[in-house]
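Colleague: Heads up, here are the entries from TrEMBL:
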type     : residues : note
TRANSMEM : 78-97    : transmembrane segment
TRANSMEM : 109-131  : transmembrane segment
TRANSMEM : 168-191  : transmembrane segment
DOMAIN   : 171-238  : domain 'Sphingomyelin synthase-like'
TRANSMEM : 198-216  : transmembrane segment
TRANSMEM : 222-240  : transmembrane segment
């Protein structure tokens, strides 16, 4: 028993360091994309803070979702944030699962490059919409009489560049469309494509639907904010997914004509002992892959 544990621990340790080496190489190639995505998250935070300066409280607009769903109230508003945080943490941890698990291989760096591209595109559209028309915030802290419904004008340029640490919970004015739904739907759509567990995919869509109801019930957004997020995020991901090169899936060994059939068969079964020069991207696209592992469909630019 002790020998088995040691052997498995040794395999796990080797797999972990192998993944570290691979991901460091990918990070060296793609750090600019990750950095650009992170900077855009900062810019989106500044934009959300900026609209809070010009937000003016007013009567809550007539909303179908508010008629159908009772308000959670200030005491239970944490429920929506708890669900969202659980989704975020679960997805974040899943993107690192290849370091310890033998399931379908993905590359963490490339997955996050792809996710950030989806987020940035959706957030760019979101900033345009909530600056085009400012709606009176429906949340309790954005209503008339609240001291934080409008931020005081900044006293220095440095204050403008600071991100409000409470902006996620207590922002006002950045309504159409929901940022929480952007993240949730991007995560669910990404797992839908690269995940392996069918019940988790179904559970992810259920959680996204429940999250939508909780956002409305907690009065963080109007129903239109959630509805617009559902079709906008899905359309953006669908369009970008067709355009972005996809190298996030496993690299399989290319069959070499110089080897015997028995040797090639053993390599495919064991997945080791392959010359690094013989590894190529083998993502399936309409069943058309040439002998070099390159897609023959010229309409896609897979890298």
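Cβ atoms are placed via backbone N, Cα and C, with glycine included.
It should be emphasised that the depicted structure is a prediction, and the values quoted were computed from it without experimental measurement.
What's the neighbourhood like for each of these?
Modeller: Residues 72, 103, 106, 108, 111-112, 169, 180, 183-184, 187, 190-191, 195, 207, 210-211, 214-215, 217-218, 220 of the same chain, all 6+ positions outside the transmembrane segment (78-97), place their C-beta atoms under 8 angstroms from a C-beta of that stretch.
Residues 44, 47-49, 51-52, 54-55, 57, 80-81, 84, 87-88, 91, 94, 111, 114-115, 118-119, 122-123, 126, 129-130, 133-135, 137, 139, 141-142, 148-150, 200-201, 204-205, 207-208, 211-212, 215, 220-222, 224-226, 228-230, 232-234, 237 of the same chain sit 6 or more residues outside the transmembrane segment (168-191) yet have a Cβ under 8 Å from a Cβ within it.
In the domain 'Sphingomyelin synthase-like' (171-238), the DSSP tally of helix, strand and coil residues is 52 helix, 0 strand, 16 coil.
Packing against the transmembrane segment (198-216) from elsewhere in the chain are residues 63, 65-66, 69, 72, 79-80, 83-84, 87, 178, 180-181, 184-185, 187-188, 191-192, 222-223, 225-226, 230: each is 6 or more residues past its ends and has a CB under 8 Å from a CB in it.
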Colleague: When you scan the chain for residues with a C-beta under 8 Å from the transmembrane segment (109-131), skipping those not six or more beyond its ends, what do you find?
Modeller: 23, 26-27, 30, 33-34, 36-38, 40-41, 44, 47-48, 51, 95, 173-177, 179, 182-183, 186-187, 189-190, 194, 228, 232-233, 236-237, 240, 244, 246-248
